[in-house]
């Protein structure tokens, strides 16, 4: 009797376990036992900050569409990185000996069998409409949500950003691909990774104007006054200041603070160029740019090229800031706007930007981007592939400038570790932090200035001494909050509060490292111009030269030794100190000194 009873219990237990496992499999759509044998997971589930994002159902998975981007595995990536380090090292005999677009394209182009394997897989799954980029490194297609779920064994949701109300279709599930494709695909965009959202330029807290900053200290700057009043060639910090007494910053005052002489801004080389990147319907207003230039006594100049969509009558604050200040710093340098992606739930604008650049043989020399996210919200496969794209740009002598972010060190919900930002944490971009000019004339690190040490990327050789010195200075404090062997950022800083732009016919003081990045990018364009005039190469990946100059000629920087980036992160943050620190980097550039050593 006992034997029969025990046997029944065992059988019931086996049936129960089998039922549980079947339910687990069914919970992952289309993932049958046969598929498990033939397919392999190619991504890891990402963490979603539920304080920032709301998860909802997609109303109709058959009509809703998603754009999938397949990053095809490229060749010679190790050799590419070695080459980048050599052409970026001022002590190397190959310094500045960049490759052309076509040379890079042929060097790293995926194998034909990799491209064909992915194309055949799509066709086998009744996906016959897709495009392959000129360089062969990306394949893109638009499919229904239902088809994407079937293809990748995932379940999509609608993710709504609680602050901006922007929504995107994404999955929290790791996707699967056929085992035989594992070595042909780096990542698939449009599945897990949420689009990068800008650390939006905010109206500076000291503004006396409402709803767009139309007033400064009671002085109204409406369109009518712009027509009737004389130019404002510079703001006088004694007469025009925010409520807290800190001065508003005009292009002229910013140049003075960074020692940019008038002769330095005279750009003449036709081979020079610069660009800003804009996503999420951040459009450009030629009218705002024209009035901004007139109002501040700047030389009139126009945008030379707009890649992608633009709606003149629907401008964005981010675009106004970026274009007005990159051109204010480098007024005669040919300037592009690369505009990608609207607000469609199925798009990934940052990835669109990368794909567009990877197919363009006439890339501008300097790019300014004011968008980012936490490293922890992004998969390693995605960041590694994006890093490869940055390496390709560096190998061609291009400079990529990112704002370091507007949330200080960032932190997790438990306040027991910092959350570094990305792409600012990449070793192959120049990350720009923020500083504030105070009413007493001092300049300090901005508490919002994104900075810290990467959890993904190891420390590059060009900043080992600087980061090690800072960590030694910490003397063990905060050691559990950050990765002591990670890439340190930012690299350099500029002004991030009370920077005045013109938006929808009104002058408006704004804040954020979104202001810092285009200011620095414009100055790098000036350096490129002077190098090109002397038949020297463009600066490319500037970081190795920048850190070398800081060691050999520290007078090229205004060292910022006060400030802490503990913005909204409990009570912890990094502090500024003499030398490099993860609040302001190497400090504020002393431009006329810096450019001298860039020409040696």
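Heads up, the Cβ atoms here are built off N, Cα and C, so glycines get one too.
Looking up 475, 535 in Swiss-Prot shows the N-linked glycosylation site annotation sitting on 475.
The Cβ of residue 559 (Ca(2+) binding site) lies under 8 Å from the Cβ of 578, 579, 586, 587, each of which sits 6+ residues away along the same chain. A separation of roughly 7 Å, to the nearest angstrom, links the Cα atoms of residue 514 (active site, charge relay system) and residue 318 (active site, charge relay system). Taking the centre of the Cβ atoms of 559, 560, 579, 581 as the Ca(2+) site, the nearby residues of that chain (Cβ within 8 Å, site residues left out) are 557, 561, 576, 577, 578, 580, 584, 585, 586, 587.
When the recorded positions 318, 322, 581 are compared by the number of other CB atoms within 10 angstroms of each CB, 318 has the fewest. Comparing local CB density within 10 A for the recorded positions 411, 560, the maximum falls on 560. Remark: of the recorded positions 91, 266, 514, the most isolated position is 91 (fewest other Cβ atoms within 10 Å of its Cβ). Secondary structure at residue 581 (Ca(2+) binding site), as computed by DSSP, is strand. Between residue 483 (N-linked glycosylation site) and residue 411 (disulfide bond), the C-alpha separation comes to 13 Å. DSSP classifies residue 560 (Ca(2+) binding site) as coil under the three-state reduction.
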